[in-house]
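**Q** Dropping a structure here in structure tokens format, bear with me for questions.
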Amino acid sequence: MSHEQCVSLVYDVSSSTNECSYSGRTEAKFQEIVKTVKQNSKKTVVNTSKVPDPLVKANAPKESPTDESSKTSVKVPDNLHEDIHKKLDGIITPLKNLTYARQLERKYGKCLSLLRMFGERLRSQKMPITLGVDKLPCPVELMLPSTSIEGYRNQDEFSIGIGADGNPKTVGFFIESLEGASKNVCVSPDNLVIIKNNHKKFVKDFEHYIRNSPLPPNLELGDGGYWKSISMRSNMVGDMMGIIHVNQQGLSEKQIQLEKKNLQEYFEKNGQHYNLKSLYFQENFLSKAENDQSPCELLFGDSCIIEELNGLRFRLSPQSFFPSNTYVAGPLFNALKQLCRVKDSTTVLDIFCGTGPLSLIFSPNVKKCIGFDACSQSIEDAKYNSQLNNMFNTEFIHGRPETVLRDIFTCDYHSDLIAVVNPSKFELSKTAARYLRECKYLKKVIYISAKPRTAVDNFIRLCKPAGPDSYLGKYFVPVFALPVDLCPQTEHYGLIMMFQRL
């Protein structure tokens, strides 16, 4: 049975609209449908032990000795080279050998376990809630699937480190040492099915470039190395933007300008083979640095790429936020519109708005959308996207949620007010959660979490009864849950929770 047939059978997804049909199916019904799918699927066995976030954990090298000689001394036996790639597969895509229906079943089970734990925590907090016979705190819809399960990632970042052959200029992901190796090894993403082919080609070409460069790699803090990492983002039609991250490490301005010129000439020519539309250069790169602390300099090409989602066009800059799996983002936003039941009197607070997809998709059906984000480049793109799509009832504000919410809630809202929380890197702070509780006009909170387990504490803050040791304001009640398969082939899933004041 094909991936498309499995999705159609289990989820009743319309191929023309990418909208999921909600019918209130129960867990028992889900198990019945999955049983049917299993009868038509090949049996496969795979080790699917729990792993951390694949594209963060795998890319984070462990602390290692600072001995200069150790940088090129890694020697992995030839018969272990294949095992290295298998190990990377097991970290990044542990569910690859399962049928997609079984992947969804596994994640759905994990989601139900998490929600039961959430329900028990609510009861322990004296929340006036009745758990059903299934011990769930609210109805749970079937998992929303991705319409593509391979090559779906539209943004990636790769490190530079010592490869299996001992070459210190290998581009890929770090994995822990294998038997016979002396330290962590950097492994190419060539065999990873979730990475786009043109991303892999760019990685290989960049690796070829730095191996022919006299400048050393930046393997450890303070080692004097230059080449740090590489990242890229692309759209649905394959247009790609590349960003090369370096540490200046005392190079003269003349040397840096020469290297920029070399990069421009090389990739402007070679990048045509993998649709590289632009190349950026970022000095003194830190993953958590603010944009103005580590600005990206355009070496050639377009300053941004344009992505299309649900009939709208979005400008994406190097450091702005956009969902990493466009194939599931469209159905997800359609599902949100159904869940929220917005009206022309509704005001939507789009918390962690990124480049504004949620606000712009909701805009035609509501009174106003107010989006805010701590990333200044995301806000610039969101404002541009609003004009690009002729949406004039949107407002985008640069700032942290706790600051913006405090200012917004000094105004009176006498119409429906709902908040959609969609954290990217960081969860909603306790202060921001308190402001949501204290706003008397707020009717609903829709919480979209890419890491549901870390979001449970905020779920509790929204629902815990008011008291001297808790937040003020009437509590919210969980009324609906929708799990989403954000990352096919991995253990990771997202969760949409709808909370409402009754």
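Even glycines carry a Cβ here, placed using N, Cα and C.
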**Q** Please identify which of Asn284, Asn310, Asn422 is recorded by TrEMBL as part of the S-adenosyl-L-methionine site containing Phe352, Asp373.
**A** Asn422
**Q** Residues near the S-adenosyl-L-methionine site, Phe352, Asp373, Asn422 excluded, by Cβ within 8 Å of the Cβ center?
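**A** So the additional residues around the site are Phe321, Asp350, Ile351, Cys353, Gly354, Gly371, Phe372, Ser378, Pro401, Val421, Pro423, Ser424.
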**Q** Please report the number of other Cβ atoms within 10 Å of the Cβ of Asn422 (S-adenosyl-L-methionine binding site).
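**A** Around the Cβ of Asn422 (S-adenosyl-L-methionine binding site), 25 other Cβ atoms lie within 10 Å.
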**Q** Report the largest Cα to Cα distance, in Å and rounded to a whole number, among the residues Phe352, Asp373, Asn422 that the record lists as binding S-adenosyl-L-methionine.
**A** 10
**Q** In sequence order, which residues at least six apart in the same chain have a CB under 8 Å from the CB of Asp373 (S-adenosyl-L-methionine binding site)?
**A** Phe321, Phe352, Cys353, Gly354, Ile379, Ala382, Phe396, His398
**Q** Through the lens of DSSP with three states only, how would you label Asp373 (S-adenosyl-L-methionine binding site)?
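**A** The residue in question, Asp373 (S-adenosyl-L-methionine binding site), is strand (DSSP, three-state).
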**Q** Over all shown protein chains, what is the count of other CB atoms within 10 A of the CB belonging to Phe352 (S-adenosyl-L-methionine binding site)?
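**A** There are 24 of them.
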